[in-house]
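Input: one structure, supplied below.
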Amino acid sequence: MSTPKTIIQKIWDQHVVASEPGKPDLLFIDLHLVHEVTSPQAFEGLRLAGRRVRHPELTLATVDHNVPTIDRDKPWTDPLSVQQVEALRRNCEEFGIPLFGVGDIRQGIVHVIGPEQGLTQPGMTIVCGDSHTSTHGAFGALAFGIGTSEVEHVLATQTLPQAKPKTMSVEVNGELHPGVTAKDVILGIIAKIGVSGGVGHVIEYRGEVIRKLSMEGRMTICNMSIEGGARAGLIAPDDTTFAYMEGRRFAPKGADWEKALDYWRSLPTDEGAEFDTYVTLDASEIEPTVTWGTTPAQSVPVTGRVPDPSEAPTPQARELAERALHYMGLEPGTPIQEIRLDRVFIGSCTNSRIEDLRAAAEIVRGRKVAPHVRAMVVPGSGLVKHQAEEEGLDRIFKEAGFEWRDAGCSMCLGMNPDILLPGERCASTSNRNFEGRQGRGGRTHLVSPQMAAAAAIAGHFVDIREWK
Ligand SMILES: CC(C)[C@H](C(=O)O)[C@@H](O)C(=O)O
Ligand code: SF4
């Protein structure tokens, strides 16, 4: 019998096109996703070297970071956005790359549209010049972010030199309490391993809790792998994966589907395969979670209080906590549920899929956003937006006083007009709460869509488990 392998090892081995001792392996890349921010210099590099794109049919581009989410047909206010979006359009035309551009209903956040189109498939290697490419790992793909020079390398050769990562098993067992979501699970994992706990590793998320999650929930988990320092994160494909994929535009059809299923079913980690690092989490310990600081690891249950830096385990942790509280404008000991909010953002590649919007709408139905709060919902793609409108979710949000926007990264990061003002406090379903992330001086608290929706109505954080 051959040595048992992890899914990570299996995908790796399938994609090595050249291997030399002491050097990184050269991997074939099955799918290359491109957006407007990290691609301009890569295309410029190709032009200067007189090269073509090796496999335009394995490449797909969209615009997400810079696009405004309102009044797109009017002149855009930010000249850099206009320039980058226009540059991508020209580059795609010149190099023959398919583009889901502004005005195309399929346009959206790059990590939402790949799975939505059935392009993201188990066993693939997927790269994008974007750290949250790990999202695609939810389908059992090895998916990771790359830098602009690597984008150029992949465009030119459809391969990438990569050092072999270490492997980490993160197992979540038991049963989640009602009101606890995938977002709380990943915040719990990051709180446990820390923001650099995963450095050098690819994570496989395992255990009963992971198996029971929908594809949307799995994407939320894999999305934030990078926030725990990991190179990538993935989940073995199973019937949930296949049911989600079947019939999607680029998913295999007919006999090809059956053949693909055979391959996909061979991917899960073999019994007895070993990981370099093991982490386990008990689902019953996870509660609806709110970040209080400026890293995704700085979180507490919604029933908790802002921690006291003087209780931090090391002088260094104390200093970090003090700095975070200062930036966040919070006092130690404040009950989380007394933190008053100015803004609520439901969106981003972490939580802007249809299931997220349904969950948020369920909380909001028939109620009104607190008068002092400005709240917005930004669907992850034009197709998510369309689906939500078919289901009447847009009406629920609008009647409650939420703004209903067009697809894009929006207020996840300050690269477009959707930003916080200095000092504004926001409950956000995104993945990063770094200083200035949502606009200079803005204060971000990461939460699940349900928690964000309830906070918009109440005007402060509330325990979703008590929502009636
Ligand atoms: C702009 C892009 C390079 C960046 C990333 O790589 O993640 C962005 O998507 C983010 O979330 O910070
Ligand atoms: S939604 Fe946020 S995290 Fe995701 S790709 Fe866009 S900016 Fe990055």
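Even glycines carry a Cβ here, placed using N, Cα and C.
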If TrEMBL says Cys409, Cys412 bind [4Fe-4S] cluster, which of Cys349, Cys426 does it name for the same site?
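TrEMBL names Cys349 for this [4Fe-4S] cluster site.
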Helix, strand, coil: count each for the residues of the region 'Disordered' (293-314), based on DSSP.
3 helix, 4 strand, 15 coil
Would you mind pulling the DSSP three-state label for Cys349 ([4Fe-4S] cluster binding site)?
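The three-state answer is coil.
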Provide the three-state secondary structure of Cys409 ([4Fe-4S] cluster binding site) computed with DSSP.
coil
Excluding Cys349, Cys409, Cys412, please set out which residues of the same chain place their CB within 8 Å of the center of the CB atoms of the [4Fe-4S] cluster site, keeping sequence order.
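Neighbours found: Asp64, His65, Ile109, His132, Gly347, Ser348, Thr350, Ser352, Gly408, Ser410, Leu413, Ser430, Asn431.
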Could you list the residues of the same chain, at least six apart in sequence, whose Cβ is under 8 A from the Cβ of Cys412 ([4Fe-4S] cluster binding site)?
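Spatial neighbours, sequence-distant, of Cys412 ([4Fe-4S] cluster binding site): Phe345, Gly347, Ser348, Cys349, Ser428, Ser430, Asn431, Arg432, Arg437, Gln438.
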If you draw a 10 Å sphere around the Cβ of Cys349 ([4Fe-4S] cluster binding site), how many other Cβ atoms fall inside it, taking every protein chain shown into account?
27
